[in-house]
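The structure under discussion appears below in the form of structure tokens.
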């Protein structure tokens, strides 16, 4: 089907565009951008007056739990949640059951996503076999089967020597390494950020040094091997300082943060709220301010949700034993738009961090509205006001710390390959 998107504020940092334009889509690709374009016979029309039109948003860090953990989420429900949140593409982490450390699992994900998914799914393979940190996975096979990056996300690669070899091998393969930066010996039995709140609640803490030390190690290894490195879910002031300094030295390091790290602090854990339990943990107000500053100055390249669904039975337990992680696909856009309202980011800068930069980091042919590009488009209603309600969420799991929050901003239309896969009705 052909489509004309009329009269929206088109923001495409890849072309330096920020103006009211029409977009004509033909055969799943961008045919033309211009003013006063006419709809061809039989074309659908999207009235985007008063709305913002951007390259399709990309979440480069999600857990779809498929295969093996479909009671939490699966490719169908996960991509439905992505579409509802305005995402046209997601990159799914390998901590499935079995772990995505081989061609067969990757091929399953690619095939199921193509057959049943609403949005593009780009698999991330495991750095090590079984994500056990003992031996490297076959990165060449993973890339050939469709993986766009490798990560042991959920666990760090403990061995520095193995991480060095991973960076060297991945560089040769032309595939990005995504680091889960965490020193487990410093984490110990910690379950939340170490500080005043953990002491008050009587919970064992995770020091900021656990993230900072691991970030420093991986940055130095990237510098030593002259290899690209992406650091996931950055949450501390110290890690951001390390990354900022590394970038200034010319190290090929990029990083992401998640909306919860610029929207919540460890105060959210009060009341032993297991929906505020994730890894890395929510940090202090000083860390939150540092995350916003790093978004503003470009130290942080991308915003990614770390969407981590869990069954109610895995969260409705004592805080110490509750699993880490929260869902985020459907709340990311309004929480991120708040950064624009607060003056932390301009709208074009936000689009860069949610579309253009993730595409560039992962090396995927998305994140642009250039003529001839795949017509992955997000149409945003910045004025939409809505309340986060468990029953209205598309995700199979409901483990969100934002339940009951009033949000401003939503995806009016999510368009994948020229097809409207979500419209806000």
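Every residue, even glycine, has its Cβ placed from backbone N, Cα and C.
Note that this is a predicted model, so its numbers are computed, not measured.
Features of the protein shown, as given by Swiss-Prot:
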ACT_SITE  306  active site
BINDING   61, 63, 153, 306  Zn(2+) 1 binding site
BINDING   63, 64, 65, 95, 279, 310  substrate binding site
BINDING   153, 180, 233  Zn(2+) 2 binding site
Going by C-alpha positions, which of the binding-site residues (61, 64, 95, 153) is nearest residue 306 (active site)?
-> 61
Sorted by position, what residues of the same chain at least six away from residue 279 (substrate binding site) have a C-beta under 8 A from it?
-> 154, 182, 324, 325
Find the shortest Cα-Cα separation between residue 63 (Zn(2+) 1 binding site) and the binding-site residues 95, 180, 233, 310, and name the residue that gives it.
-> 95
Number of other Cβ atoms within 10 Å of the Cβ of residue 64 (substrate binding site) across all protein chains = 30
Hey, which of the recorded positions 153, 306 is the loneliest by Cβ count within 10 Å?
-> 153
Quick note, residue 180 (Zn(2+) 2 binding site) and residue 95 (substrate binding site): C-alpha atoms separated, nearest Å, by 12
In DSSP terms, helix, strand or coil for residue 95 (substrate binding site)?
-> coil
